[in-house]
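Student: Before I ask anything, let me first share the structure, which is written out below as structure tokens.
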């Protein structure tokens, strides 16, 4: 239904020639050709060229500037032969304007908004400060429309399987889930605080106890994390939970959803999507989210060098990756690799160059034995002209360095082609990890022991570990699954714990006392006592998925009003101080009374 206009710009074509139309929109570009004025008029559907030839209306059009909001009436005409624009949907026609109304003028722009200038030269702070202008750019507006299409596609799949869309609270109590909470003061209960949810995890499990069986929600989530590249303090996930299912059931549904999303951009995902274990992902790719668009694998060399005299390789782990044709790199490039490794916390990146005649050169080749020199190229699959990069030391960090090196090699060799997609599931991750590893990576280690949950505290052990996970926490595997696309984790889930005794044992491994468990998670433990069904689910990182679908380099491009670095909103200048009166009213400075006896608060 159109009130001020009869058509959208994108609706006009040769079939509308001869019709009188009324359009509304913004002046995208203005060109003056000998008294005839051409305007590219933009609305939400696209662009159309409108022409001002008549004296009065042309005189009025002389006052138009970029981003004036206008209304025009005129006749649709075929463009003169040779002046068609094949790059424009409406490029075969133009509108000969007979009436012009300026709905609103525009001040001088902080940056240009047109089809040619798409934002690369404009600083991000400026773009976000004037986000309402930035979103007028075709690419930016298209990102939000793509997001809406993705929402619809996912809902269609879930609705076809009888899922129920349910909203869960955004004001709840603080229940640690692996990051810091955003807290909201409770004005009516001074000294008490709500927390914004890091995820709907506990509520969706309670919905399974409630018998809803199939739930989903496009949920807003909040995590008060130290700023990391391309993270947002508030983000969106497609949250799903199902009762009476196993891992295969959840994965099958997830693949149906992902397939429907990639069909939006014309790509058919081959299903079933391959699976690999977490152990294989770390061993072969040095990452639990491997990019499989190129076939470079890490080769284990620990056993090969088990009797080495080279002290650097006398370590718990030695591994290698091969750079095809890398022996031809100049010395400055090999030195640059060392700086690259040091920036990642390593001492360097050892290497061997395999000459065209098979002769080995480079620092490592001088320090290994003749037997090792004779066999290393064959062991790692290197041929004449290749470069072998090594990492040695602690297993996890060495593999991570080699994993990063394989990604860097792929970039330098241009192995990743536009339009390539590679999906995999990573399954059988550890149930627990050392708390020190979690904190070192910037996460919050839930609990007070040397072990914390890898995913979250509500992930079930795999069936074979159900009776013994607390006897050997470091070896226990989780009934969990992550989906990876082009080296990005786009979703993760697990089969959940549904028995109170198992949940209490997990808390115990993590050093959460009975009293603390009762205080923070008592409502969940109580619910498990009332016939909680087996259940599992998955959550998709919606911002990341839409950015991949649209080919955007940052999730900020697919969020209507994102935060910049450090969680700051340049548009509204949030976060901001609040007045003293508001501080008093909300009770943020309330100080609990000191305890005078056991019952005092």
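Here the Cβ of each residue, glycine as well, is placed from N, Cα and C on the backbone.
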Student: May I ask you to find which of 489, 581, 585 Swiss-Prot records for the ATP site already listed with 223, 224, 225, 232, 541, 542, 543, 544?
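Tutor: Among the candidates, Swiss-Prot records only 489 at this ATP site.
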Student: Give me the CA-CA distance between residue 455 (L-aspartate binding site) and residue 225 (ATP binding site), in Å, as a whole number.
Tutor: 16
Student: Let me know the model's mean pLDDT on the region 'Aspartate' (201-204).
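Tutor: Overall, the region 'Aspartate' (201-204) comes to a mean pLDDT of 97.
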Student: Tell me which of the recorded positions 33, 82, 177, 223, 496 ends up closest to residue 542 (ATP binding site) in space, Cα to Cα.
Tutor: 223
Student: Rounded to an integer, what is the Cα-Cα distance in Å between residue 223 (L-aspartate binding site) and residue 489 (ATP binding site)?
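Tutor: The Cα atom of residue 223 (L-aspartate binding site) is 18 Å away from the Cα atom of residue 489 (ATP binding site).
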Student: Out of 82, 177, 496, the recorded positions in the record, which is closest to residue 544 (ATP binding site) when you go by Cα distance?
Tutor: 177
Student: Within its own chain, what residues at least 6 apart in sequence put their Cβ under 8 Å from the Cβ of residue 33 (site 'Important for tRNA non-discrimination'), listed in sequence order?
Tutor: none
Student: DSSP says what for the region 'Aspartate' (201-204): how many helix, strand, coil residues?
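Tutor: The composition, in the requested order, is 4 helix, 0 strand, 0 coil.
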Student: Considering each pair of residues in 177, 223, 455, 496, all listed as binding L-aspartate, report the largest CA to CA distance in Å, no decimals.
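Tutor: Value for the max Cα separation, rounded to a whole number: 22 Å.
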Student: Write down the Cα-Cα distance for residue 82 (site 'Important for tRNA non-discrimination') and residue 225 (ATP binding site), rounded and given in Å.
Tutor: 57
